[in-house]
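Straight from TrEMBL, the features:
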BINDING   Asn158, Asp218  Mg(2+) binding site
TRANSMEM  6-24  transmembrane segment
TRANSMEM  45-68  transmembrane segment
TRANSMEM  74-91  transmembrane segment
TRANSMEM  135-154  transmembrane segment
TRANSMEM  166-183  transmembrane segment
TRANSMEM  189-207  transmembrane segment
TRANSMEM  228-250  transmembrane segment
TRANSMEM  295-313  transmembrane segment
Amino acid sequence: MFWGAWALAAVLTAALTWWLLPHLRRLKGATVREDVPERHRLKAGTPTLGGVAFGLAVPISAIVGALFAVERSSLPTVSVCVGAMVSFAALGLADDWAKLQRRKGWRTQPKLAAQTVLALFWTALGWRYRPDDLPFLPTWAAFLFSVLLLLATVNGVNIADGLDGLAAGLTAIAALAVALTAMQRGHDAAVVFALTLCGSCCGFLIFNRYPAKVFMGDTGSMALGAGLAMAAMTGGATLPFLVIGAVFWLEQATVVLQVAYFKWTKRRWGEGRRLFPMTPIHHTFELWGWREPTIVAAFWGAGAIAALLGVLCR
């Protein structure tokens, strides 16, 4: 029955995305940042806000799965995961809508502040439903670590959403690994929720794989990041998730290092210098001449290796 939740999420997401596409095409479509490879200019106008499908399909599939695939006592845990995902989807939707209306989204500081408030709220609300998988940390440190992990995952998935199918594929792989890890530990609610995330990403990839017919936008990437982190934390997979999510951390780290190094060299020598040709790191591979599908396949492969290593963690 666990896999029934996966199948329901995949079918629902594919159907919702197919239904949404004509409506999304009436909007202005995605804007393309200036600091990306030239070939991305061709993607301007591609429908965005496809992540709305996640915000509808995953809650329905997860709740149905909790009611029929496992005991109803798992419903509160699933509900907290769903609530976190939907609230971050709403934040992403507000940012996407601002981009469509003003060609510019929220500034970094207000967005991060809103994310932090949501992360604190949902970590606190879900604390009673998560196993004690960080026994070596005092409660306050475990709580702070969980908040930071939620924020890092939300932004890691968001940053990885830069090539057709990249973020959706990586999330599907990571969610499957989280589900298997939670299954090993006997946390059925997290298994159901993680499998719905995986299934939803697979359904979305029908339209998001290269060449993408629709983008998930911040609506989708923030929702997936929040859902993935909550599934890991409620499934007793917090530490394995540090390995499972390695590609997300790599993408995020290259951006942070690039910005920090640029600012430091500008202060020191009056001219900013770069560590990488372009970040996130997947854009560097584009500048090196790699084809987009090749980069995505390579990153999926790296994500699969990280996922396997994470599942094998004890």
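Note that Cβ sites are derived from N, Cα and C of the backbone, with glycine treated the same way.
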Determine whether the transmembrane segment (228-250) and the transmembrane segment (6-24) share at least three Cβ pairs under 8 Å, counting only pairs 6 or more apart in sequence.
no
Suppose I define contact as three or more CB-CB distances under 8 A, residues 6 or more apart in sequence; do the transmembrane segment (295-313) and the transmembrane segment (166-183) meet it?
yes
Name the residues of the same chain, 6+ apart in sequence, whose Cβ is under 8 Å from the Cβ of Asn158 (Mg(2+) binding site)?
Gly92, Ala167, Asp218, Ser221, Met222, Gly225
The transmembrane segment (6-24) and the transmembrane segment (166-183) contact flag, 3+ Cβ pairs under 8 angstroms
no
Close approaches to the transmembrane segment (135-154) from elsewhere in its chain (Cβ under 8 angstroms; 6 or more beyond its ends)
84, 88, 112, 115-116, 119-120, 122-124, 127, 221-222, 225-226, 228-230, 232-233, 238, 241, 245, 248-249, 252
Count the other Cβ atoms sitting within 10 Å of the Cβ of Asp218 (Mg(2+) binding site), across every protein chain shown.
28
Hey, which bits of the same chain come close to the transmembrane segment (166-183), Cβ under 8 Å, at least six residues off its ends?
2, 157-158, 160, 190-191, 194-195, 197-198, 201-202, 204-205, 208, 216, 220-221, 224-225, 227-228, 231-232, 234-237, 240-241, 244-245, 247-248, 282, 295-296, 299-300, 303-304, 307-308, 310-311, 313
For Asn158 (Mg(2+) binding site), which DSSP three-state class applies?
helix
